[in-house]
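One structure is given below, encoded as structure tokens.
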């Protein structure tokens, strides 16, 4: 389903309790480098954050819906040509911007990686269905409460201020705009995220990992079809 028409559907998440480890041998999944996250760390979902005091890991239903709605609202805004920021702006409207739906398998892989408290991208996160893209964000505050997912996602959205749609995505600008371009990659259909919240030296830290299928961010390719 695509954004850009008059009908915009917000999909309510249904959580399905699946054991993906029983149906997929992740150790056989090929990536450009490295061992698959679920092969390397298993599916126990236990956090591994050293001496940090973990307060929560995993996402609530409300947080999942918040993440999904935030992505689709932003994608809709871009697709309609309403995103005025950029170098230059506004961003051109799109005709192939899919409405994202939640994918529990992508979320399980993302959660397993978030649980490692490693603030780099994992090497291998593909599924049998998708080559998977990824966005990560972290926020720390002394306000004795954790930032909402939307505040972390805003970091990705704001990269649009550095994006030149006339140039597109290149190796030279990837570090500045790669989170934004993955968020609005037109052909991406599904998303699944993981989260961990912990306290380190009185800093309330929230680490968010989102996986996207199919992934985007192919250099020298349009991020979406323009109207």
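A Cβ is built for glycine as well, from the same backbone N, Cα and C atoms used for every other residue.
Copied over from Swiss-Prot:
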- 1-23: signal peptide (SIGNAL)
- 27-39: disulfide bond (DISULFID)
- 31-124: disulfide bond (DISULFID)
- 49-117: disulfide bond (DISULFID)
- 68-212: domain 'SCP' (DOMAIN)
- 193-210: disulfide bond (DISULFID)
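This view paints the features noted in Swiss-Prot onto the structure.
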residue : record         : contacts (Cβ under 8 Å, 6+ apart)
27      : disulfide bond : 35, 36, 39
31      : disulfide bond : 123, 124, 125, 126
49      : disulfide bond : 115, 116, 117, 196, 198
193     : disulfide bond : 59, 64, 67, 106, 107, 110, 111, 149, 208, 209, 210, 211
### Summary
The predicted model's mean pLDDT over the domain 'SCP' (68-212) is 97
### disulfide-bonded residues (39, 117, 124, 210), the one with most neighbouring Cβ atoms at 10 Å
210
### Query
What three-state secondary structure does DSSP assign to residue 124 (disulfide bond)?
strand
### Local backbone state of residue 193 (disulfide bond), from DSSP in three classes
strand
### Task
Sort residue 39 (disulfide bond) into helix, strand or coil using the DSSP assignment.
helix
